[in-house]
């Protein structure tokens, strides 16, 4: 019996060693294929997720906040756009890296890491972020219908849901073709603003000062800056990007992972650079035209309360009488394309946190119905002006919700238990946390000062102010406690999957044990005890 047991154990060792050897051999073959394949071809294979995500940085919410920032402060808030998109590049790259290395997206990792109550709260906040991002898209599309067909805004809000469902149905003809069509329509508006920029010719020195000298002068500058950040750095985009990269086949080897992360970084950098140029052009055109000495009294009045539905006059120099039509088509494309990104985000969030999978049209209908309700009420009561204000409010909500997606991402991407040897370098950890805490601090400061100022200067009776304060101040405290909890909670779940180095190490260990006859030392070690990470593995390259 003893001899038979020893023979069986040696056979088990031999089988596991052969499996590890075969896996290692396959990974080495994948590396050889990666070496032989041209770099440009490998890069093209990774193009897609970054451009899909970048559409959210050109949605109606961004356009609304850009137009108002230019009309109210000229070029003074351009630095917010620059910092926001640099920060967006870093965190979107971290989200992509998290998906590539772990094989899971952010929502799935949150589900495995946090307790049930925290997980449910994060899911609700993520769903609220999707809805808040969907509100500007609903209103922007309604404005587009108003410009193109003279339909009242509230009717356009009702039509918006069905139009998006129709667009999603067109995916059966090919998602890439649909994405290409939408992207081209969005870039029509970009070309219009660049053309207008070449005509109005804003002073280059003032634009450069606005980009690199931070200023918050004038009434409402802080609120407009936070709205710009909220429209740029969206929480649901982090869930989306970490999931979209999983659609690409990445070899489970060190070289394959590093190459995938590098190519996703290049693609995101290019896509977000284009988004940066477009946002700069929109603000510069708005600031130049609205502060021009030759502006007509009618257009000057529009600049005093600029919104998406009154901005077509900014393109008169380029498009003349057809400016409203082209602007409306581009605004329609902007709203619809960013709606698709919101639908996918909601799908991944629901699947990741709750393990529920819904059909895209049903998911879109559910999210869109919730987003339509406040948009419809505001557009009926407040008209187009109220709808424009709702876009700004939605952008600020996104900014306040950002920590609940950003902090888990920063922690997971810097954790050895989640990323193994591919975790962030110390430079990225310090830089990303500093920027993240800066944005969170600005949000908290603006929230507290704005609310206190409103309590002091409103016309409500004293007892009403007491009731409002008693309801809001505890919520502010809970918000602060939640941010502190997410920041300092220690990760407990290991999700990093062994790569080729670990497989090779396991194979060598079992081979040595089989040679020496030390069966008990390796009978369980290859399956349960992790092999130490190789010290020579480099960090994933990220912007420094």
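Cβ atoms are placed via backbone N, Cα and C, with glycine included.
Nobody curates TrEMBL annotations by hand; they come from automatic prediction.
Of the listed segments 114-134, 303-323, 324-344, TrEMBL assigns transmembrane segment to 324-344. Among the ranges 268-289, 510-531, the stretch that TrEMBL annotates as transmembrane segment is 268-289. Per TrEMBL, the listed range annotated as transmembrane segment is 151-168 (candidates: 43-60, 151-168).
For the transmembrane segment (268-289), the most Cβ-contacting stretch among 78-101, 390-412, 424-446, 466-488 is 78-101 (pairs under 8 Å). Between the transmembrane segment (225-247) and the transmembrane segment (466-488), the number of CB pairs under 8 angstroms, six or more residues apart, is fewer than three, so the stretches are not in contact. Of the recorded ranges 78-101, 324-344, 466-488, the transmembrane segment (390-412) has the largest number of C-beta contacts under 8 angstroms with 466-488.
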